[in-house]
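Summarising the annotation, TrEMBL assigns domain 'FAD/NAD(P)-binding' to A:4-279. According to TrEMBL, the feature domain 'NADH-rubredoxin oxidoreductase C-terminal' maps to A:314-381. Annotated domain 'BFD-like [2Fe-2S]-binding' per TrEMBL: A:418-465, A:479-528, in sequence order. Here TrEMBL flags A:554-618 as domain 'Nitrite/Sulfite reductase ferredoxin-like'. Annotated domain 'Nitrite/sulphite reductase 4Fe-4S' per TrEMBL: A:628-767, in sequence order. Look at TrEMBL and you will find A:Cys636, A:Cys642, A:Cys676, A:Cys680 tagged as [4Fe-4S] cluster binding site. As annotated by TrEMBL, siroheme binding site applies to A:Cys680.
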Amino acid sequence: MKKKLVVIGAGMASGRMLEQLFDAAPDAYEVTLFNGEPRGNYNRLMLSPVLSGEKTYEDIVTHDDDWYRANGVDCRFGEPVVKIDRKNRIVYSNKGGAPYDALVIATGSAPFIIPVVGKELPGVVTYRDLEDTHAMIDAGVAGKDAVVIGGGLLGLEAAAGMAARGAKVTVIHIMGHLMERQLDPAAGYLLKKDLEKRGITVHCKGATKAIMGHDRAEAVLLEDGTVYPADLVCMAVGIRPETRLANDAHLEVERGIVVDDAMRTSDPHIFALGECVEHRKQLFGLVAPLYDQAKVLAKTLLDQAAEFVPVQTATKLKVTGCDLFSAGDFAEGEGREDIVFRDPGRGIYKRLVLQDNRIIGVVMYGETGDGNWFYGLMKDGTDISEMRETLIFGPAFQGGSKLDPMAAVAALPPEAEICGCNGVSKGVIMDAVAGGACTLDQMRACTKASASCGTCTGLVQQIMAFALGGEVNEAPAGMCKCSDHTHEDVRRLIKVMGLKSIPAVMQELGWKTVGGCHSCRPALNYYLLAEYPLEYKDDRQSRFVNERNHANIQKDGTYSVVPRMWGGVTTPAELRAIADAADKYNVPMVKVTGGQRIDLLGVRKEDLPHMWADLNAAGMVSGAAYSKGLRTVKTCVGKEFCRVGTQDSTGLGIKLEKLMWGSWTPHKLKLGVSGCPRNCAEATCKDIGVVCVDSGYNISIGGAAGMEVKETEHLASTPSEEETIQIILAVTQLYRENGKYLDRIWKWMAKVGLDWIKAQVVDDLENRRALVERFEISQSVYRTDPWAELSTPAETPKWGPLADLTLEAAE
Amino acid sequence: MTTFVDIGALSDVPQQGARVVKTVQGCIAVFRTADDRVFALEDRCPHKGGPLSEGIVHGTSVTCPLHNWVFDMNSGEAQGADEGAVRTYPIRVENGRILISAELMARRAA
């Protein structure tokens, strides 16, 4: 006689378990299947296409009536189980009982409802099953306002689905970035951008305070006071295992129903699987481990030995057009390293987290084709040290004796977009090469490929090398012809390997030239002094002439001298000293600069230390108008004089300049502080700008007014001048530590994302303090006047010629 | 045979740097490499007249500070795609002193 198996819950886990059971032993059990929902098993992963209208319920049914009938399953759909009588081994539904020899509990999970006022109003729904989905569809969301609370997998799928049906959707997420359990901030940022492109508003760090409305939901109120209108509110903040039946039956329940490795509960006749169980303190929400459980339980029911071992699982978001992949652990930590690939132009981000030469985490956004390959390497614990250099490019680059980046370039179709900024395809680049463009400059001149943000430069060079039939070495993707390492790699290796001098870097990283070149040496010098401010001694000989001579060389070999005027403020005494110096050294031109300074042009090199000594004597120091470092802080007069000024912008500018002068940065750094939104100091096209308002200070970054003209983007607002200063110092240090040499802030920002910068210096107070501290450590060395150091009696002669043979010849 | 004249101590020129010697034929850049070799080149880039003595010295090459032309200090030839050359002059180090060709003291090149 067949044994009786009763299953509570017709979900994906129990469905798979039944399939396995019937496959292995069709006649072992007589099965009774209870389900609260009035239907059998369907693919819950496909609810979002149903919501968005891309699929119907019929499309996603996995087990239809015929299947149940063929396998002799007694279906009790629409009959919620109310009680388990363990003593007599009978399960009772609202309609009647069913005896069992073995019982499987597969009750799944229930959505978590946050306990806020208004949660019970009509119009507030959850997103868990077909009923919820239909409720949202039936609400006729087109043109209406919908708010989704929760920016995790489910919430975003609900949001995208409703948006596809024409709703105006806002997602409220309590954390700093979307899907924080699966994504890091950078990928979260790209996802947010993509969703916003679809018209979905995303509000991160938003805590829901109440759902407002009289007889149905009308709006959602956040703790910060923001109100979003809402005809429909979908709660998707999380799930909890549905354990009520197990609890009532006094089975062992922690967060979920506790099962052993064979999926058995504390009662030997009762088993459980799916989202309702807890196995070794772990809960399960993704489908892959549930299918593993199904396999194990089917064997257990057939008295075969089987053991459930949870493995790392990967996540993909099922929102059309948002391509993301996440697996494993991607928190930063001791001994962990990252390999990161970013293509901001195309919205691509890939990050591998390594530990002991093994992948332990993968986050990908925008292009996820290689996700499963990485996932495989991670699951298998493969040692990747051999392929590390090209690992991030995926399997296409691996294999063979020599790693060949050309193969991938060759494989790209002609229409593949290479330069996202200027919309240049591979075909256009190939044509330009055929037409005679054989240097990068020529390529930029005739196609604009890589002429804007420059992130695609390496790729453009590779395609050119491919088209020209050249060797890979002729088109290095490295920082210059001396090294195949990228700037980012060199910087990371300087840190990881503890390299503390330029020769050490060149030796350890295999420089291909003897003494580097004019391109890599200044970069290395900067990276070293930024990494080791106290230990590393600035190498003047690795600096471009202007920084070496602390003056700007002009086309005739003379120099221009610019004394610092703090915040653009000067005095009659300083002006007299400048005028005297101009007279004394026959300065052919005196000019006012754009940064509110005075420029003395046409000074002979041998006169520099003498002029500096004179200016020093009048209390002035170098204006650093030549440096990849702090240049000027431009200010307006502010409320001290101006009738519309709101804050002391001049005072703040002077404070900032006094704190920051002498600091070296990846590229020049110009600041502006305006005392009111009329913005007379033009702060919004500076690298860092402050615009004062009545309530405080708006800080923005990433402006430019050179070859590129860019408006700054808002970083933070604060009522406090002190906090303004701290944020500016912190963002400067972050830029110093992370920016690629010769990237202005706007370029750097395009690579790392403003949200990431915000998270580092605005939101994370501890990190902000640490950044400011490190800035201060560096400034303890560099807040000095080079003019004073280089115009001593010992140094002065070095500015003149070594010898003058014209005199001897005359003798 | 070239005769030489003392123009200063090797230590007066920084490693990977240069100093200028004034002559009636124009300024000469005296370079010192990282491994203490010295070179004497005409201090005037054939491109736009930039002072090579202010360029970054790498290996036995120097990059003009104005537009990044690179010269091999052995030959005075411009490298890469750029075409041109600067004159080079006999120079050597003896007992820590730098000696340069005495022809530079003449009013006109020999």
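Each Cβ is built from the backbone N, Cα and C atoms, and glycine gets one as well.
Shown here: features listed in TrEMBL, placed on the structure.
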| residue | record | Cβ neighbours (10 Å) |
| --- | --- | --- |
| A:Cys636 | [4Fe-4S] cluster binding site | 25 |
| A:Cys642 | [4Fe-4S] cluster binding site | 16 |
| A:Cys676 | [4Fe-4S] cluster binding site | 20 |
| A:Cys680 | [4Fe-4S] cluster binding site | 18 |
**OP:** Give me the stretch from A:314-381, A:418-465, A:479-528, A:554-618 with the greatest number of Cβ pairs under 8 Å to the domain 'FAD/NAD(P)-binding' (A:4-279).
**Re:** A:314-381
Original post:
If you count Cβ pairs under 8 Å, which stretch among A:314-381, A:479-528, A:554-618 touches the domain 'BFD-like [2Fe-2S]-binding' (A:418-465) the most?
Top reply: A:314-381
**OP:** For the domain 'Nitrite/sulphite reductase 4Fe-4S' (A:628-767), provide the mean pLDDT of the predicted model.
**Re:** 95
Subject >> Secondary structure content of the domain 'BFD-like [2Fe-2S]-binding' (A:479-528), with strand meaning DSSP E or B >> reply: 26 helix, 2 strand, 22 coil
**OP:** Around the recorded [4Fe-4S] cluster site, report the further residues of that chain (criterion: Cβ within 8 Å of the mean position of the Cβ atoms of A:Cys636, A:Cys642, A:Cys676, A:Cys680; site residues excluded), sequence-ordered.
**Re:** A:Val637, A:Gly638, A:Val644, A:Gly645, A:Ser649, A:Ser674, A:Gly675, A:Arg678, A:Asn679, A:Ala681
Original post:
Tally of helix, strand and coil residues over the domain 'Nitrite/sulphite reductase 4Fe-4S' (A:628-767) according to DSSP?
Top reply: 57 helix, 36 strand, 47 coil
